[in-house]
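Engineer: Take this structure first; my questions come after.
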Amino acid sequence: MRNIPSSNLWRTVSIAAVLSTLLMLTGFGYAVKDMLWPQGETFIGESPTTPPPENKSLSASSEIRITAFGDSLTKGTGDATGEGYVKQVMALLTEKWDKPVSLTNNLAVNGMHAGRLSELLRGDKGYEYAISQSNLILFTIGGNDLFQLATGKSASEATGEVDLDKLKEQLPSGLQRFKAVIERIHEINPNAQVVYMGLYNPFYDIDELREGSLAIQQWNQEAYAIMHPYSNMTLVPTFDLFENTIGTYLSSDHFHPNHDGYAQIAARIVQSLD
Amino acid sequence: MDRLLPLIQNETLKIWKKKRFYVVVLVLLVLIPIFTYAQMKIAENNQKNFRDWRSQTMQQISDYQNALSSERIPEEWKRFRRIAVQQLQYYLDHDVNPRSPDGVTFTRGFMANSVTLFYPLLVLAIASDLVSGERSSGTIKMLLTRPVRRWKILFSKLVALTLYVSLIVVASGILCYLISGAIFGYGGWTMPIFTGFLINGSDVDSAAVHAVPQWLYMLMQAGLIWFSSMTVAILALMVSVLVRSTAASIVTMMAAVIAGTILANMSSSWTSAKYVFAVNIDLTGYLAGSPPPIEGMTLLFSLLTLGGWAVAALIVSFGVFTKQDILN
């Protein structure tokens, strides 16, 4: 520093500092003005430009893009490894066809029910985008509609309080909401393969609640009827996995499958795809 | 004005020659690359897992929603998440990327995250020994025996301090941009950022939301950082007048700032903590629309609180400094 005379140094430092101070004061003043008297104004960015995937069967496509959504089953609750069926489906598909398999999104939220899902599919641009960008859609829904609304509690906590009559009462309205979901998925992306995982009765081993399986089967049958008009949609049954082998495939919360249970479901989903 | 300008020049050059500003720049030069590297790792990971920013934002929303559906999560934490979900959704609905990976965005994030602790620390490096340093080295006697009124001496120190606070904020921004830009690219100046989210409990009112280009957002953010740094600087000047040793002065100020940050994180039930200056330091949160540490706090409230503390500190500093006996 010795070779710079102090007056030169002073000039440099002071000019830089005074300019900085003025800049900061401007910024501060603008921030205060902008925040105390804000003026709302809608700004819309650029719509997505990425092309949707090719319209071919999965085995003929060059890559597989998966979007999964729905309730805790798609989330993978109960699987100690956190994979759930979605990640296992990805692994099996990679093995089956040896092509890139990617997960666009797993949007599942614990406790999701058909009414909320149908709202999201209609109002949430993110769902629309994720679904339109995929050629394989995996989802589960309905469990919470039947169990939660029948007990007023979240599905996984409802054990022992399930009222079978109420469960049956929920069927028609639940199915109506399910229909709205299916129609909306078809509207957003009529080309993707859609796989819906049917419901099972997690209380099959409790004698008083075994009868619930009949209501569940009624749901599955109606759901199949709703999906039937769309040739790209498949319902994969799961109820049989959780009858005699319920102890092997159900996790300790006695509601969600465990890792092996999800593995069986994943295997079935992959078998159904072409 | 006679004699004031030379005094300011003298004080400014003293701080420069004490190489305090070098220390600040050096600290920035070490820390910024570390954060840049960490951010680069995160960006790489995101790029591997997500197709584009929309999937990434969607996934973030759905992760937050899952946390919200858990009964184990405390209500206070849920409130923050609910607000974050609504803001992310707003970005998604308006086709705007909430955080594109570029140098300007990184700098914006770095500066916003530094406002509560890092900037106060840098400011203290310069402010803490302004008066107490003169005392421990004994030069204060020379200063005060000159035929200059005492208030002018303290005032010139205050002006020099203000100049350095501005330099710190600007230099940190420039250094951060230059270093992180080398990794993330130097773009992002015109990217739109939403500001004007109003928080009501756990709801976000988006009536006043508008987009500003990122350069303007940065400027506004820097201005707010400057204001809170100035409050810390003025308080530090007061402590340095009151306390004899520089170490004690740094420790006192640091303790106050850290205590404030901790309070801000946990004091939702003790509402009068909002009058503590350090709880109000994070002015940038209002710009970004993040919920204030204590419900009911607004930008105006925080500005007035900080301003009140600063004015009180100035009164005490000038009162004590002009009357004080200089012993030993």
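Placement of Cβ uses the backbone N, Cα and C atoms for every residue, glycine included.
Got these off TrEMBL a minute ago, pasting:
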- B:21-40: transmembrane segment (TRANSMEM)
- B:110-132: transmembrane segment (TRANSMEM)
- B:153-186: transmembrane segment (TRANSMEM)
- B:224-243: transmembrane segment (TRANSMEM)
- B:250-270: transmembrane segment (TRANSMEM)
- B:299-321: transmembrane segment (TRANSMEM)
Engineer: In terms of Cβ proximity under 8 Å, which residues at least six beyond the ends of the transmembrane segment (B:299-321) contact it?
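Structural biologist: Those are 131, 150-151, 153-154, 158, 227-228, 230-231, 234-235, 237-238, 241-242, 274-275, 277, 280-281, 283, 286, 292, in sequence order.
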Engineer: Give residue numbers and ranges for long-range contacts of the transmembrane segment (B:224-243): same chain, 6 or more residues beyond its ends, CB-CB under 8 A.
Structural biologist: 111, 114-115, 119-120, 123-124, 126-133, 154, 157-158, 161-162, 165-166, 168-169, 249, 252-253, 256-257, 277, 280-284, 286-287, 303, 306-307, 309-310, 313-314, 316-317, 320-321, 324
Engineer: Could you check whether the transmembrane segment (B:250-270) and the transmembrane segment (B:21-40) come into contact, where contact means at least 3 Cβ pairs under 8 Å with the two residues of each pair 6 or more apart in sequence?
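Structural biologist: Checked: the transmembrane segment (B:250-270) vs the transmembrane segment (B:21-40), no contact.
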Engineer: Cβ under 8 Å to the transmembrane segment (B:110-132), counting only same-chain residues 6 or more beyond its ends: which ones?
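Structural biologist: Sequence-remote neighbours of the transmembrane segment (B:110-132) are 15, 20-21, 23-24, 27-28, 31-32, 35, 140, 154, 157, 161, 164-165, 168-169, 172-173, 176, 180, 218, 221-222, 224-225, 228-229, 232-233, 236-237, 239-241, 243-246, 248-250, 253-254, 257-258, 260-261, 264, 281-285, 288, 321.
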